[in-house]
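Visitor: One structure is given below, represented as structure tokens, and several questions about it will come after.
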Amino acid sequence: MFPFQSSSTARMKVVIDITQVVSLFSTVIFAGFAFLLGQYLGSKLPKGERWILVWYIFDSLVHFVLEGAFVIISLFGTVNDSEHILSLLWKEYGKADKRWLFSDPTVVSLEILTVVLDGLLCCILIWCILTKQYYRHFFQIVLCVCELYGGWMTFCPEWLTGSKNLDTSSSMYFWVYLTFFNGLWVVIPLVLLYQSFEEMKAAFCSKRESESPSPPLHKEKGGNKRERGDDRDRSNTRRRR
């Protein structure tokens with residue numbers, strides 16, 4: 001009955017599907033580039049350290065390129081009104097969380113901090129891993145806490161107000177956009193925090209062992225016993241005389 005409406009709906013569905021594919025593919029490109037660069041730069045590092053290096057390269061790209069574009073667009077307008085090519089990615093994500101479409105002050109404030117502070121910390125940690133700096137785990141703890149705090153402050157206010165801006169009706173929006181992509185910045189920082197804890201624990205135990213006084217050697221004890229035995233023999237010979 002309404003051929004124009006059905007055709008328009010079909011075209012819209014195709015556009016949405018293509019946008020989703022492009023958005024996910026761009027993320028894969030970022031991850032692939034980070035993997036190749038991390039494997040090249042960290043070729044002499046242990047396997048675990050190479051994967052951490054790959055994560056920090058990927059993390060810095062997301063902060064500077066994707067989130068940096070969001071901050072610039074939001075400071076001079078809104079994602080919803082922007083025609084910048086990177087705004088297409090945020091328009092797609094904005095279908096799951098509307099706050100990203102209309103420059104929500106809380107979200108923009110957190111993203112400014114994320115781009116400037118977290119992006120810089122990622123670069124510092126890349127340098128620390130490659131050059132094996134002693135202050136690496138200090139900055140790693142700071143970055144992980146910042147990312148966990150940013151994630152909490154992004155979603156907790158929304159949860160407390162009834163999640164009016166979140167759309168969880170689609171499995172793509174809920175499981176991929178909201179859960180998976182945001183969950184990465186929860187699970188991985190927690191794992192890296194645990195790694196820093198283990199490294200500090202090992203360093204502390206090693207230092208404590210080096211500073212603790214060494215126990216007396218068994219040879220010295222045996223030597224004292226022999227001296228006492230010699231003294232007893234001398235006293236016995238004197239008595240016989």
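Backbone N, Cα and C atoms are what each Cβ position is placed from, and that goes for glycine too.
Take a look at what TrEMBL says about it:
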TRANSMEM  20-41  transmembrane segment
DOMAIN    48-193  domain 'EXPERA'
TRANSMEM  53-76  transmembrane segment
TRANSMEM  107-130  transmembrane segment
TRANSMEM  137-155  transmembrane segment
TRANSMEM  175-194  transmembrane segment
REGION    206-241  region 'Disordered'
Visitor: Per the definition of 3+ C-beta pairs under 8 A with sequence separation of 6 or more, do the transmembrane segment (137-155) and the transmembrane segment (175-194) touch?
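Guide: Counting Cβ pairs under 8 Å (6 or more apart in sequence), the transmembrane segment (137-155) reaches the transmembrane segment (175-194), since there are 3 or more.
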Visitor: Going by DSSP assignments with H, G and I as helix and E and B as strand, what are the residue counts for the domain 'EXPERA' (48-193)?
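Guide: Split into helix, strand and coil, the domain 'EXPERA' (48-193) gives 114 helix, 2 strand, 30 coil.
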